[in-house]
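Quick look at what TrEMBL annotates:
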BINDING   Gly84, Asn115  anthranilate 1 binding site
BINDING   Gly84, 87-88, Thr92, 94-97, 112-120, Ser124  5-phospho-alpha-D-ribose 1-diphosphate binding site
BINDING   Ser96, Glu230  Mg(2+) 1 binding site
BINDING   Arg170  anthranilate 2 binding site
BINDING   Asp229, Glu230  Mg(2+) 2 binding site
DOMAIN    9-70  domain 'Glycosyl transferase family 3 N-terminal'
DOMAIN    78-328  domain 'Glycosyl transferase family 3'
Amino acid sequence: MSTDYDLKAILAEVATGEKLNEKQAEQAFNVLMSGQATPSQMGAFLMGLRLRGETVDEITGAARVMRAKATGIIAPENAVDTCGTGGDGSGTYNISTAAAIVAAAAGATVAKHGNRAASSKSGSADVLMALGVNLDADMALLEKALKNINLCFMMATRHHSAMRHVMPTRVEMGTRTIFNLLGPLANPAKTKRQVLGVFAREWVEPIANVLNRLGSVHAWVVHGHDGLDEISTTGPTFGAEVKNGKVTTFKISPGDYGIETVTLDALKGGDADVNAKAILDLLAGQKSAYRDIVLMNAGAALVVTDIASDLADGIKKAADAIDSGKAAETLQGLVTITNEGNAA
């Protein structure tokens, strides 16, 4: 079989430390995600990339395959995602999920993409389910939610069925692979605007370059000095902005925006129920360190959707969305729409 021969040839290159170009990476990941590679071939390939270090070309090629194989939904051109790689091991409250709700209430169209917990007790899917959101809502309801309340949540496992071919090998390997970077790069709504947190500073600029290659209109890739895959309030955050076909790096600190610098302990969450209550308290207007970090991340989403002129403006608009009650209404709208047709 030609695909088998092609993958063997690519494996031989990876084994000698050769870097793949984008086309070779696309070819290889097409084989992997079509179920045409053996578990040993998959493991060897993924570990070879990991040991040498994945390149922008390789990640871009792989992301193109994941995007092509995804079950998509129809979303407006200006839709944004607030999805991180996860894997930061911090155990914080659900920050990007709350930021998605607040940004949607402030006028952004947020096609949130996520999954269950990887390294924490509560991933975006876990906390939304605890809040009453139906994760099994059909695609038509997701599109309705996006249109009516500016927000939907796409469960990664429902939209990336091709991942079933590689998941057993990933589980057996038990270590980080390129797939830990790919999830946020393969939004099923094909969002061209994004706030994407990464688990290590070394990935900030490369992932921004990948987004640029993939056609992002405006995006921020961020990593907190404390290891968070979010904009942090414990100190500086390192970022890269994709805009007008260019990538520029930046650094922001909470004090620059009148936000108190806190310790990571102030942001520690718990299981899905604990984190769900924290979101409800936040949306009810409770002031806290959690509110502050959500404001910064929601503000960034408003910047990349061009609703806010800068982060300070975004933070103000995000705060207004909470204090007006609009953010709480947005969450209730998501619960209501996703459960349509499920009444007993």
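We count from 1, first residue shown onward.
In case you wondered, yes, glycine gets a Cβ from its N, Cα and C as well.
Shown on the structure are the features that TrEMBL records.
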residue: Gly84; record: anthranilate 1 binding site; Cβ neighbours (10 Å): 24
residue: Thr92; record: 5-phospho-alpha-D-ribose 1-diphosphate binding site; Cβ neighbours (10 Å): 23
residue: Ser96; record: 5-phospho-alpha-D-ribose 1-diphosphate binding site; Cβ neighbours (10 Å): 26
residue: His113; record: 5-phospho-alpha-D-ribose 1-diphosphate binding site; Cβ neighbours (10 Å): 27
residue: Asn115; record: anthranilate 1 binding site; Cβ neighbours (10 Å): 18
residue: Arg116; record: 5-phospho-alpha-D-ribose 1-diphosphate binding site; Cβ neighbours (10 Å): 18
residue: Arg170; record: anthranilate 2 binding site; Cβ neighbours (10 Å): 17
residue: Asp229; record: Mg(2+) 2 binding site; Cβ neighbours (10 Å): 27
residue: Glu230; record: Mg(2+) 1 binding site; Cβ neighbours (10 Å): 28
Helix, strand and coil counts within the domain 'Glycosyl transferase family 3 N-terminal' (9-70) (DSSP): 46 helix, 0 strand, 16 coil
Assigned element (helix, strand, coil) containing Asn115 (anthranilate 1 binding site), judged by DSSP: coil
DSSP three-state assignment (helix, strand or coil) for Glu230 (Mg(2+) 1 binding site): coil
In sequence order, the binding-site residues (His113, Asn115, Arg116, Arg170) whose C-alpha falls within 10 A of Asp229 (Mg(2+) 2 binding site): none
Cα proximity to Glu230 (Mg(2+) 1 binding site), best match among binding-site residues Gly84, Thr92, His113, Asn115, Arg116: Gly84
